[in-house]
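As given in TrEMBL:
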- 80-115: domain 'EF-hand' (DOMAIN)
- 116-151: domain 'EF-hand' (DOMAIN)
- 164-199: domain 'EF-hand' (DOMAIN)
């Protein structure tokens with residue numbers, strides 16, 4: 001859809017809000033474009049075009065979690081995308097108010113499309129850090145990876161059994177948890193991914209799911 005907020009390469013479209021949500025949501029306009037320009041890798045003209053598409057797809061100006069999940073499911077029909085969409089929404093929703101604004105979406109889109117390696121790794125760490133306590137546990141890493149495999153569904157051949165995913169997490173976690181204290185910090189995460197090509201390769205699965 002050429003006039004929408006996200007093009008076909010981003011694989012994260014924002015569709016029209018339903019009438020009920022539109023009628024109960026205060027209409028909304030983006031804040032200072034110069035400020036957004038300084039916070040992202042987009043030019044003023046690009047931001048204006050993105051907002052025009054966002055308004056077309058989302059006239060009320062915000063996207064709630066249920067709408068986000070429904071949209072995401074359309075683009076991964078071979079699997080169950082609900083859990084991953086929940087984690088992704090949680091990572092996008094920086095102010096934790098239960099809805100995504102244009103600012104939140106465009107800032108994350110900027111990182112995912114044009115960010116540096118370190119910016120993308122910081123974003124990935126935030127995704128894995130489900131409870132946002134500044135560290136990743138094995139359980140959090142397992143939950144994210146399981147949700148990704150559920151998302152890809154029948155497109156993965158052969159289907160991985162849960163024990164194989166757990167083994168992958170154990171190996172991945174052992175590499176990252178440098179001081180062996182049972183959690184991975186942001187510094188450990190970035191350091192491992194920058195030094196270990198296999199770790200970076202594993203993260204490329206996000207190219208297919210974000």
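One is the number of the first residue shown, and numbering goes on along the chain from there.
Backbone N, Cα and C define each Cβ position, glycine as well.
With a cut-off of 8 Å between Cβ atoms, the residues of this chain six or more beyond the domain 'EF-hand' (116-151) that come close are 76, 79-81, 83-84, 86-88, 90-91, 108, 159-160, 162, 165-166, 168-170, 172-173, 176, 182-186, 189-190, 193-194, 203, 205-206, 209. Remark: secondary structure over the domain 'EF-hand' (164-199) totals 26 helix, 2 strand, 8 coil, with classes taken from DSSP. Taking DSSP states H, G and I as helix and E and B as strand, the domain 'EF-hand' (116-151) has 26 helix, 2 strand, 8 coil.
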